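For reference, the structure is listed below as structure tokens.
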Ligand SMILES: Cc1cc2nc3c(=O)[nH]c(=O)nc-3n(C[C@H](O)[C@H](O)[C@H](O)COP(=O)(O)OP(=O)(O)OC[C@H]3O[C@@H](n4cnc5c(N)ncnc54)[C@H](O)[C@@H]3O)c2cc1C
């Protein structure tokens with residue numbers, strides 16, 4: 001189930017020409033969408049002109065160009081010599097990179113904890129001054145359901161980070177969407193990034209430290225839905241696939257508050273999270289998830305799964321796992337939450353589906369599956385070869401009665 005190559009990774013494996021503002025290797029669907037938009041824009045702006053009008057227009061254009069060039073040159077010289085970016089350059093947009101400062105960079109599995117497995121880095125990036133319109137990550141999002149985009153008030157948003165020397169970019173999911181929603185106060189963009197032994201962006205992210213500058217673009221919508229149409233969200237995730245799920249959970253329930261009053265969130269949807277990782281030490285965001293479950297016991301139900309136990313962790317009964325007892329243990333406790341030893345099985349998925357009233361109303365239930373290729377394929381069938389299209393419904397969900405493809409989204 002846990003291969004070292006996440007499906008979400010392949011979708012984002014895009015290279016950039018040095019100095020280019022956006023990727024040169026882009027998916028066919030995105031490219032054709034963009035060409036259509038450009039053609040439409042040309043058709044709208046091109047109007048026939050008479051000859052003298054044409055000459056005047058050319059002279060005017062040349063004059064304007066010279067003015068613009070002179071102005072832009074002056075401005076860039078001023079910015080370079082002043083040594084820091086002006087406020088407009090901190091505007092986050094999906095079509096070009098902005099340089100933002102790192103406020104924090106730490107090896108940890110959670111922003112609120114010093115614990116880490118050495119494989120994950122937490123980055124806190126200064127909030128942008130403003131945020132542009134989010135772009136849809138796939139054409140399928142546009143055609144989801146009846147194709148209506150109005151009222152899609154629940155969203156998972158991601159950003160792209162660029163590795164400056166290799167000119168490659170990868171997508172990452174901020175832990176809190178508020179950093180990317182225009183109109184709100186500009187809170188930092190917080191990311192948790194996994195390092196694969198020969199993963200390009202992950203290794204770059206792990207070399208960063210506070211005060212470094214990173215190149216970011218976005219936001220991009222990776223899933224959207226209407227809150228009023230969903231009574232129950234079932235999130236089945238593995239590894240770093242927890243980050244989109246966590247963003248959605250905090251969009252609905254608010255940030256975890258240690259000791260403070262819980263954010264008011266008693267309106268649907270209720271959330272069931274099935275979260276799998278290789279080992280207890282590689283489960284991310286556990287203090288935050290435990291806090292959210294304590295504050296919202298009726299709204300959030302977290303089930304953890306690990307492939308193997310580790311020595312020194314607590315069993316569900318409270319004892320310490322030793323070299324000898326860990327082979328026989330079937331469950332353990334992590335931050336007060338039970339972690340089952342073994343992969344997410346059909347019985348676990350069926351149990352999640354049968355709890356709660358929405359089980360009798362598939363139309364008001366949404367399932368999101370996110371993580372390594374193996375997990376996504378085992379739970380919902382593989383994504384299509386292009387890595388972006390959803391593919392057909394398969395795996396455990398494909399075998400169950402009453403689960404329709406439109407209600408399952410693979411991230
Ligand atoms: C919308 C979205 C959100 C995401 N959010 C997060 C997030 O919050 N946190 C996070 O850590 N990740 C996230 N990812 C995954 C992230 O984009 C990268 O894919 C991941 O960080 C790996 O990138 P890398 O450059 O470090 O590794 P890569 O250079 O892409 O390599 C990763 C691993 O796969 C192997 N590999 C590389 N290419 C291939 C190949 N062609 N075939 C087989 N194996 C290969 C490498 O050897 C390495 O072990 C997200 C992805 C998407 C699409």
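Any Cβ shown, glycine's included, is placed from N, Cα and C.
Small disclaimer: the values here were computed from a predicted structure and weren't measured.
What TrEMBL annotates here:
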BINDING   170, 172, 192, 194, 243  FAD binding site
COMPBIAS  33-44  compositional bias 'Low complexity'
DOMAIN    67-226  domain 'FAD-binding FR-type'
REGION    1-20  region 'Disordered'
REGION    27-54  region 'Disordered'
REGION    108-129  region 'Disordered'
Cβ packing number for residue 192 (FAD binding site), 10 Å threshold: 23
Any further residue of that chain within 8 Å (Cβ to the Cβ centroid of 170, 172, 192, 194, 243) of the recorded FAD site: 173, 191, 193, 240
DSSP three-state assignment (helix, strand or coil) for residue 194 (FAD binding site): strand
Nonlocal residues around residue 172 (FAD binding site), in sequence order (Cβ under 8 Å, 6 or more apart): 158, 159, 160, 161, 191, 193, 243
Where residue 172 (FAD binding site) falls in three-state DSSP terms: strand
